[in-house]
Amino acid sequence: MKIFKIFSAIILLLFVAIVSTMFGGVHIPFRETIKSFFTADSEWKQIIWNIRFPRVLLSIVAGAGLAAVGGAFQGLLRNPLVDPYLLGVSSGASFGAVLSIFLADAYSISLIYKTPLISFVFALFAAIMTIVLSRRNGTTPITDLILSGVLISILFSSATVMLLMLVRKNITHAYVWLFGTLSGTGWDDLPVPLMATALFIFLSVGLSEQLNVISLGETQAKISGVNVEFVKFLIYIAGSFTTAAIVSVTGVIGFVGLITPHMTRRIFGSEHKTLIISSALTGGIFLCVCDAFARSIVRPSELPIGVITAFVGAPVMFTILKRSGSNG
């Protein structure tokens, strides 16, 4: 039954990917969209292959990566409210992006195209700081990790607000980035998030048995012979690296890594091998659909994709919390 569900999710993902290429500033008929994949004489081929299709693939990769990291973090910390930005990655990435925009504005230098690199460095730096601050006698207590993540997030968020007050040019670019956007992305933006996401899924699936035991309690896991701290360290570092690789390109996109593991867990169950794979598929579908709406609602302009995920994710999360409260 689980194999059938996963296969169905793959088919749905392929269908959504093809259909979403139809939407944007100019609507492309479904027949022309299909034709462009198989023939060279379609008048829409350049738009689909050079602009829309790489963006669709990036939305799928970003959604898959954020959802997979969210599912692994939630199981590892036994907390359904955990998301990929737990370790301060989003605030670090935001600071890096706004810093590059500020420096380009203040000193008239072309750093705007290096925003993803600077954002990635600060995102990873924030995650490492959080892990280092939370370490206690060779262990990483969950409470200390969460508190350290909050402190690092506040620190970088405050610095980001200060820089935003100083930015005069490109302020719109900064705000759009903070809400997440796939606008202007192309084939060159795809390799790093794709490799990071693939490596994280491979690693977390390989550690799925250990994650299953840890989700029952760290004491039980240690009795069972699981090296809990080593597994936690690997997942934290790999998850932060993956999130940083995604956020440095797309900006901060909320709710994907929070709600999709919840929805997936209800359909596919809590076994981590299935959960990670199915969360990646669900996250890819979710973000691909949201990006299609972001491109279409106010065309020829577009909305930041984070606005769409927030409008969808907030009510879903509220419903989940309400049901959990009534069941508890």
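The backbone N, Cα and C atoms fix where each Cβ goes, glycine too.
Here TrEMBL flags 6-30 (among others) as transmembrane segment. Residues 37, 44, 47-48, 51-53, 56-57, 59-60, 268, 274, 277-278, 281-282, 284-285, 288-289, 291-293, 295-296, 299-300, 302 of the same chain lie 6 or more positions beyond the ends of the transmembrane segment (6-30) yet place their CB under 8 Å from a CB of it.
Taken from TrEMBL, the feature transmembrane segment covers 51-73 (among others). Residues 13, 17, 20-21, 24, 28, 82-84, 86, 182, 185-187, 189-190, 193-194, 196-197, 200-201, 204, 211, 235, 239, 242-243, 245-246, 249-250, 253, 256-258, 260-261, 264-265, 272, 275-276, 279-288, 290-291, 305 of the same chain, all 6+ positions outside the transmembrane segment (51-73), place their C-beta atoms under 8 angstroms from a C-beta of that stretch.
The transmembrane segment annotation in TrEMBL covers 85-104 (among others). For the transmembrane segment (85-104), the residues of the chain that approach it from at least six positions outside its boundaries are 73, 77, 110-112, 114-115, 118-127, 129-131, 145-146, 148-149, 152-157, 159-160, 163-164, 166-167, 170, 173-174, 177-178, 236, 239-240, 243-244, 247-248, 251-252, 254, 257, judged by C-beta separation under 8 angstroms.
Here TrEMBL flags 111-133 (among others) as transmembrane segment. With a cut-off of 8 Å between Cβ atoms, the residues of this chain six or more beyond the transmembrane segment (111-133) that come close are 87-97, 99-101, 103-104, 140, 144-145, 148-149, 151-153, 156, 170, 173, 177, 189, 233, 236-237, 240-241, 243-245, 247-249.
TrEMBL lists 145-167 (among others) with the feature transmembrane segment.
For the transmembrane segment (233-259), the list of distant contacts is 58, 61-63, 65-73, 76, 81-85, 87, 89-90, 92-94, 96-97, 115-117, 119-120, 123-124, 127-128, 131, 140, 176-182, 185, 189, 192-193, 195-197, 199-200, 203-204, 207, 211, 283, 286-287, 304-306, 309-310, 312-314, 316-317, 320: same-chain residues at least six beyond its ends, Cβ to Cβ under 8 Å. Look at TrEMBL and you will find 233-259 (among others) tagged as transmembrane segment.
Residues or ranges marked as transmembrane segment by TrEMBL: 275-297 (among others).
According to TrEMBL, the transmembrane segment annotation covers 303-321 (among others). Below 8 angstroms of C-beta separation, residues 59, 80, 176, 178-182, 250-256, 258-259, 262-263, 286-287, 290-291, 293-294, 297 of the same chain, each at least six residues beyond the ends of the transmembrane segment (303-321), sit close to that stretch.
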